[in-house]
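> When I checked Swiss-Prot for this same protein, it listed these features:
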type     : residues                                                       : note
ACT_SITE : HIS141                                                         : active site
ACT_SITE : LYS162                                                         : active site
ACT_SITE : ASP180                                                         : active site, proton acceptor
ACT_SITE : ARG246                                                         : active site
BINDING  : GLY156, ASN157, SER158, GLY159, VAL160, GLY161, LYS162, SER163 : ATP binding site
BINDING  : SER163, GLU205                                                 : Mg(2+) binding site
REGION   : 267-272                                                        : region 'Important for the catalytic mechanism of dephosphorylation'
Amino acid sequence: MVEAVKVSELVKDLPSLRVVEGKEYLDQKLINTSDISRPGLELTGYFDFYPKNRIQLLGRTEISYSARLDHDLRERVFNKMATPETPCFIVSRGLPIPSEMLEAAEKEKIPVLSSNMATTHLSSVITQFLDEKLAPRKSIHGVLVEIYGMGVLIIGNSGVGKSETALDLVKRGHRLIADDRVDVYQKDDKTVVGEAPKILKHLMEIRGIGIIDVMNLFGAGAVKDSTEIQLIICLQNWDPKANYDRLGFNEKTREIFEVDVPQVTVPVKVGRNLAIIIEVAAMNFRAKKMGYDASQKFEQNLTELISDNSKKDEGDSRK
């Protein structure tokens, strides 16, 4: 988990933001929460519950109200709003920035930013960016590919063939997100997202060949930066004593950050085309999400057949 984000990262990743004052302080100021403050009551002088550690975002309402205050009161208010813990001030809609704010920010070495975006939209964009940056994170040993627009995480013991299978999937037109190590973070209560570490981005390790650059070999369409993990495929070496699911009735899940992700176990055996099997597993999962379950259809047909045979047997016995 990233404990804090530098204001410089915010400015770099959101081109709509421009620095008005305090460029030299961008690397010094840290943001440790995705919550954003709209200082309305503070402009009236009420600071009892002032969230000083949040980004202070001022829109048309706040700027127009501050313009009605006399100079001394406006100066006192902005001096109180500017604290050592305050990461930055942001003014939306390209509105004029009060000189009292600039002076107060300079005293506490706080960057002042501006944007032409509407306040609500800007707040949403910043919150989404910070949610992703500050989200809980962990690494999973596996390969992440996107099959027909659906993120599939392939896991299994070392040497079982995860990378080779992913390479086959890439050749079949699917996309690689990460090989060997997948960095995973929780986007919201029901969504986990996977991406590659920067040092491994677009790279794969194939035993006997070494490191290959997938984007260089197969083109930009063969890779993607990140994707939601919707299905997990667990590759296991074939065990003749194991009882593998042959009908698909027993649905299993794997918990990642308290999010239950469906998991399918695929036994690995010489002669099995794993890429096609995983491709079909992804399509079958998508069909289930759309309301069609082949295993349930089979069970329904079997029940109807048994029922018809029972009725036929009853009729024959009466004769």
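Note that Cβ sites are derived from N, Cα and C of the backbone, with glycine treated the same way.
Remember, predicted model here, so these are calculated numbers, not experimental data.
Give me the structural setting of these features: burial, nearby parts and distances.
Cβ-based neighbour count (10 Å, all protein chains) for HIS141 (active site) stands at 12. DSSP gives HIS141 (active site) a strand state.
Look at LYS162 (active site): DSSP puts it in a helix.
Within 10 Å of the C-beta of ASP180 (active site, proton acceptor) we count 18 further C-beta atoms, all protein chains included.
Neighbours of LYS162 (active site), defined as other CB atoms within 10 A of its CB across all chains, total 24.
Cβ neighbours within 10 Å of GLU205 (Mg(2+) binding site), excluding its own Cβ and spanning all shown chains: 12.
Helix, strand and coil residue tallies for the region 'Important for the catalytic mechanism of dephosphorylation' (267-272), in that order: 0 helix, 2 strand, 4 coil [DSSP].
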> When DSSP is mapped onto helix/strand/coil, what comes out for GLY156 (ATP binding site)?
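Its secondary structure by DSSP: strand.
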> What is the separation, in Å, between the Cα atoms of SER158 (ATP binding site) and GLU205 (Mg(2+) binding site)?
12
> Residues other than GLY156, ASN157, SER158, GLY159, VAL160, GLY161, LYS162, SER163 within 8 Å, Cβ to Cβ centroid, of the ATP site?
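Here the nearby residues are LEU235.
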> Calculate the distance in Å between the alpha carbons (Cα) of SER163 (ATP binding site) and HIS141 (active site), and round it to a whole number.
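Their Cα atoms are separated by 11 Å.
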> Using Cβ-Cβ distances, find the residues under 8 Å from GLY161 (ATP binding site) that belong to the same chain and are at least 6 apart in sequence, listing them in sequence order.
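Spatial neighbours, sequence-distant, of GLY161 (ATP binding site): LEU235, VAL268, LEU274.
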